[in-house]
Amino acid sequence: MSFQAPRRLLELAGQSLLRDQALAISVLDELPRELFPPLFVEAFTSRRCEVLKVMVQAWPFPCLPLGSLMKTPDLEILHYVVDGIDCLLAQKVRPRRWKLQVLEMRDVDENFWTIWSGARLLSCSPEAMSKRQTVEDCPRTGEKQPLKVFMDVCLKEKFMDEDLSFFSGWVQHRRGSVHLCCTKVVNYSMSILNFRNILETVYPDSIQVLEIWNMCWLCMIVEFSRYLSQMRNLRKLFISDGCRYLLSSDSQEQLVAEFSSVLLRLENLQMLYVRRVCFFRGHLDQLIRCLRSPLETLALTYGFLEEEDLKCLPRYPSLSQLKQLNLSHGALRFIRLEPLRALLEKVAATLQTLFLVDCGIGYSKLRVILPALSRCSNLTTFCFHGNDTSMDALKDLLRHTGRLSNLSLETYPAPRESLDNRGRVILELLTPLQAELMRILREVREPKRIFFGPVSCPCCGTSPTEQLESNFCLWGRPA
C-alpha cells in the first residue's frame, strides 16, 4: 500500500469521529498526532466547540496557530479554547502529550494547516514527516514555562475591541502562567486610561514595534515613558503629534530628560521615528547621545529643527550606519546644510533610502549636499519632491546621481519654470522640460522608476509606491 493510502484513511477516520462527539473526546489520547490538525480544522469549521476544548488539552504540537484559522474574532470559540487551556493550567501535573507553548492569534502560520491537510500530506514523503516531527518533539527543559499568547494590537478606537478585552482579562486572571505577547502595538486614538491598561497587561519584553500617534497630552508623555523603559527588546519606536501645547522651558527640559533616560535603556532600538513632536526642538543633541546602539532608520519629520539640532547628527557613532534617513517637511529653508552634508558623507556606504520631501531646499542649499549625495552608492530610493527647484538645479542634481546605479525609485519636483503663479503644474510646459531632464539623466545612467512633479501622476493616478507596468511613469507615458 502506498504512503498516500493510509494518510487518506486517517482523514476519513477523523471525519467519522466527529459524527460521534462523545467518542471523539474519549479517544483523543490515543489519536495519531498527524490527525490532530485536520480534525481540529474540521471541528473548527463545523463549530464542534466541546471537541475543540478537549483537543486543546491534548494538543501535541508546541504552537496552536489559531489566528490563521480565525480570520475574524469569534468569542464563542475563543471561550472554549481558553477553557481548555484553563483546565490544563489548573492541573499540577500536565498530561503526557500536551506540548502547547504558544497560542498564536496572528495570521502568520497558515502553512501549518496546509502542510497537515490532506492535499499537502499526499505530497509529503515519510522522511520529511519524520524530520518535522523530530523538530517539534524537542522536549522543553527547565521549570514550567508560562503559556504565551501572541497577537498584534492596533488600537483605532477609544475602547478595546472584544477579543483584546477578552484576552486582557484572561491574562490578568492567569497572571504568571500566561503571557500576552505583542510584537507590534499601535495606538491611534485610545484614551490614556485604556492604553495604560493594555501596557500593563502586555509582556513588555515581547514588544518590538511601538507606534503612538497621539502623543498630544502631557500626562500621556510621562506615562508612556514609564512603560517604554521596560521594553528591552524594542526595535522600532514611532511617536507623533506632540505639539498641541506651547511648553515652558522647564516643562520642555523635563520631557526631554524623561525621554533621554528612557533611550538609555533601549539597547536594541534600530528605528526611531519622530513626527510632529516639537518639544525636541533645540534638544536633539541630548536625545541622540543617549542612543545605545547604531540606528538603521532615523525619521525626523514635520518638525521644527534648529541649526543646532542638525549639527549634532554627524557627531555620534549611533548614526554612522544609517540605512534610512527621512527629514521631510523639516523646514530646512533657513538652516545651513553643512551638517547634513557631513552626515551623508558619514553614511555614504550604508544609506539606502533618503527622503527630503518638502524641506524648502533651494538651489543654493542643494549645492551644499550634492557632492556627498553623489557618493551614496547604495541608495535605492531618493524622494525630493515638494521643494521649490529650478530647471538648472534639477539638471545639476541629476548629473550628480550618475554613480547611483542602484536607484530604483526617485521623485523630483516639477521645475519652477513649469508652474503657474499658484504653484500648479502646467503640463504643456512640463512635457518638454521633462524630456530634457530625462535626456540629461540618460547621459549618466539609465533610470528605473522616476517621477517629476506632484506625487500622484495627474494622468494615470499612479503613486511612486505602486508597482508600474512600464519602466517609467512620466505623466502616464513611457519615457
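First residue shown is number 1, and so on along the chain.
Just so it is clear, glycine is given a Cβ too, placed from its N, Cα and C backbone atoms.
Now, the feature entries from Swiss-Prot:
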REPEAT    15-38  repeat 'LRR 1'
REPEAT    97-124  repeat 'LRR 1'
REPEAT    179-203  repeat 'LRR 2'
REPEAT    204-230  repeat 'LRR 3'
REPEAT    231-265  repeat 'LRR 4'
REPEAT    266-291  repeat 'LRR 5'
REPEAT    292-323  repeat 'LRR 6'
REPEAT    324-342  repeat 'LRR 7'
REPEAT    348-375  repeat 'LRR 8'
REPEAT    376-400  repeat 'LRR 9'
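Assigned with DSSP, the residues of the repeat 'LRR 8' (348-375) fall into helix, strand and coil as follows: 11 helix, 3 strand, 14 coil. Using a Cβ-Cβ cut-off under 8 Å and counting only residues 6 or more beyond its ends in the same chain, the repeat 'LRR 6' (292-323) has close neighbours at 236, 263-278, 280-285, 329-332, 335-337, 339-340, 342-343, 345-347, 350-353, 355. Cβ atoms under 8 Å from those of the repeat 'LRR 5' (266-291) belong to residues 211, 215, 228-229, 231-243, 247, 251-253, 255-257, 259-260, 297-306, 308-309, 311-313, 315-316, 318-319, 324, 326 of the same chain, restricted to positions at least 6 beyond its ends. Secondary structure by DSSP for the repeat 'LRR 6' (292-323): 12 helix, 5 strand, 15 coil. Sequence-distant contacts of the repeat 'LRR 9' (376-400) (same chain, six or more residues past either end, CB-CB distance under 8 Å): 328, 344, 347-363, 366-367, 370, 406-413, 415-417, 433, 436-437, 440-441, 444, 451, 453-455, 464. Mean predicted confidence for the repeat 'LRR 4' (231-265): the pLDDT average there is 81.
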